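S.K.: Just lifted these from TrEMBL, have a look:
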ACT_SITE  Ser192  active site
ACT_SITE  Asp351  active site
ACT_SITE  His381  active site
DOMAIN    110-270  domain 'Alpha/beta hydrolase fold-3'
DOMAIN    320-384  domain 'Alpha/beta hydrolase fold-3'
SIGNAL    1-17  signal peptide
Amino acid sequence: MRLGSIILTVALCSFSAYYIYEPIPEEIEERWKLMLTNSFFRSLSHLADLSELLGLKDYMGVMYFITLAEKVVPVSDEHVKVTEEKFDGVEVLLYQPKHRSGDAELRRAVIYLHGGGWCLGSSRMSPYDLLARNTVTELGAVVLSVEYRLAPAHHFPVPYEDVYRVVKHFLQKGVLAQYSVDPGRIAVAGDSAGGNLAAAVSQQLQKEPGQIQFKAQALIYPVLQALDLNTPSYQQNQDMPILPRTLMVRFWSEYFTSNKALFRAMMANTHNNPESSSLLKFVNWSAFLPETYHRKYNYSAPAVLQGVGGEAVGMDGPSRSFADPRASPLLVPDTALRSLPKAYILTCEYDVLRDDGIMYVTRLRAAGVEVTHEHYDSGFHGAMMFTMWPTDFLIAHRMGDNYIKWLKENL
């Protein structure tokens, strides 16, 4: 009996070690903490796959547990006043400083858009609540955190349109005056899918004459294009923790449609059609990535298939959507970049989205836009939001501090 117990214990330990351990680059700090954290994400992903296979609940419905587990009820404290509002029908959380040096003093403002692949996430998650409070106390700013609707219940362009409506409402002179916000000191910021939405709404605003414009945009490891899902960073980091290539491709496909045909085509990088092929020049990484990021990879233009958009997913739907700059901000021509606000772009070495951010840095600078590019050689996707116990990482606090420092100096 004792021998059997020992064998069972050894077997369980061995299985646990096998499941938890994964090869993570030595450059990443706190590797074992990341392994343990990612084992939870992988377990949930496997459960979501099984649930969808059995017809119990769709994949994203199960993965939404991550959002629910970190949700809090944002409340006011001694320094920050928190209120829940609706701007043009869209839920927002408004964070304002309680103490002001003078009643006539106008304040800075940051519109923040959470990440989560357009399918997960919430402004009410504890890391976003903490970031908003830190921004308010460090900058004396008003922070507007947007609770946009999510896919797959609300496919593109609904999340973008929710954000755009909030931005347009907030940037009205009367609304800014109500919250004592300086019209010349407003920024938009977001991480991951939120960075995508921030970039897209910045581009849209600058097309509108007479519209109050952003002074700055901060894009934290943003996702910026859906045409080439085989860039060097997608290949190098396809099995990295938190956001492997398969999950990012699933986020993209679910943003556009629940038809699994698009997911399969995107996984094979064969989802482009003649309509989107004319835009591939804007995501040619051999031209826009510095040589150091090419590594061992050679550029090969994504395949363009005549039947993909029409037969698999509907020519009037997703195939047009992923070529839409509101979904893929990297696809706009150079002329549309020249009048954009100064930008802070954060990228991580061990992130499938690394090259999206770096290509945007290259193109913005070439168009004459002032860009601060902060690249973390030991960074991984989502790192800045790992600020709460038990998944708090040192790099997350450095990223958050540097982001707020840049806002303080540039807004």
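Quick reminder: no glycine exception, Cβ is built from N, Cα and C everywhere.
Fair warning: this is a prediction, and the values are worked out from it, not measured in the lab.
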S.K.: Which residues of the same chain, at least 6 positions away in sequence, have a Cβ lying under 8 Å from the Cβ of Ser192 (active site)?
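M.R.: Those within reach of Ser192 (active site), by Cβ under 8 Å and sequence separation of 6 or more, are Gly115, Gly116, Gly117, Ile220, Tyr221, Pro222, Val223, Leu243, Leu353, His381, Gly382.
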S.K.: Sort out the sequence-distant neighbours of Asp351 (active site) for me: same chain, 6+ apart, CB within less than 8 Å of its CB, listed by position.
M.R.: Tyr221, Ser233, Asn237, Met240, Leu243, Gly379, Phe380, His381
S.K.: Taking the Cβ of His381 (active site) as the centre, how many other Cβ atoms fall within a 10 Å radius?
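M.R.: His381 (active site) is surrounded by 27 other Cβ atoms within 10 Å.
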S.K.: Express the predicted model's confidence over the domain 'Alpha/beta hydrolase fold-3' (110-270) as a mean pLDDT, rounded to an integer.
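M.R.: It averages 97.
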